[in-house]
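Here is the structure we will look at, set down as structure tokens.
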Amino acid sequence: MTTNKKDPNILITGTPGVGKSELSRLLSERTNLIWLDVSKLAVDNKCLESYDQNYQCQILNEDKLLDLMEPMMCEGGKIVDYHGVDFFPERWFDIVFVLRTNNTILYDRLDSRGYTGKKLEDNIDCEIFQTILEEAKESYKEEIVYELQNDTLEQINDNINRICEWIEQWKIDNQ
Ligand code: ADP
Ligand code: MN
């Protein structure tokens with residue numbers, strides 16, 4: 001988005017359980033960027049419609065959510081945390097990070113979150129087939145889409161450091 005925003009907008013995406021919210025929270029503490037947990041934003045602002053029994057999840061009213069987010073995104077300085085990528089306007093984001101997690105580690109994280117059966121399997125398949133990475137590459141210019149491995153606490157720290165360095169460079173390039 002080529003406006004005169006002071007801070008970039010960052011999309012943190014990936015399969016449920018890869019650590020988007022943990023990384024976004026820590027990043028928002030380290031920077032002046034604001035963390036938008038899209039799932040929470042949708043619930044808090046009644047952007048959910050019916051419940052999908054098959055997938056055991058709520059169906060999102062995307063138009064309502066996009067209208068809500070538009071002015072926030074125009075301000076800049078947002079860390080958007082969501083497991084979907086394809087319905088956001090491309091112009092919103094300066095960079096997209098797709099978090100990745102080893103299948104065994106992801107399985108344990110989702111299991112401890114109480115996921116079972118089809119929901120657990122679908123999410124593991126989503127990670128194995130790199131579904132969100134592919135969607136991200138289709139939805140944004142490939143040169144702004146980065147994969148970050150996020151299995152360990154050491155890696156989450158490295159990832160945050162890397163994103164902070166990128167933010168500093170963005171500020172230099174866009175001042
Ligand atoms: P998401 O928002 O992508 O669904 P969360 O941020 O809720 O994932 O993380 C899922 C679980 O994994 C949480 O218990 C979190 O503390 C843990 N976690 C996230 N990233 C890491 C990491 N790099 N190393 C170890 N545990 C992690
Ligand atoms: Mn989350």
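A Cβ is built for glycine as well, from the same backbone N, Cα and C atoms used for every other residue.
Summary of the site annotation: TrEMBL records ATP binding at Gly17, Gly19, Lys20, Ser21. Screening the candidates Arg113, Arg162 against this entry identifies Arg113 as the one listed for that site. Taking TrEMBL as the reference, the stretch among 37-60, 85-108 described by the feature region 'NMPbind' is residues 37-60. Taking DSSP states H, G and I as helix and E and B as strand, the region 'LID' (112-122) has 7 helix, 0 strand, 4 coil.
In the vicinity of ligand 2, defined as a Cβ distance under 6 Å, none of the binding-site residues Gly17, Gly19, Arg113 are placed. If you draw a 10 Å sphere around the CB of Lys20 (ATP binding site), it holds 27 other CB atoms from the protein chains shown.
Each of the binding-site residues Gly17, Gly19 was scored by the number of other CB atoms within 10 A of its CB, and the lowest score belongs to Gly19. Under 8 Å, Cβ to Cβ, and six or more positions away along its own chain, Ser21 (ATP binding site) finds Asp37, Asp81.
DSSP gives Lys20 (ATP binding site) a helix state.
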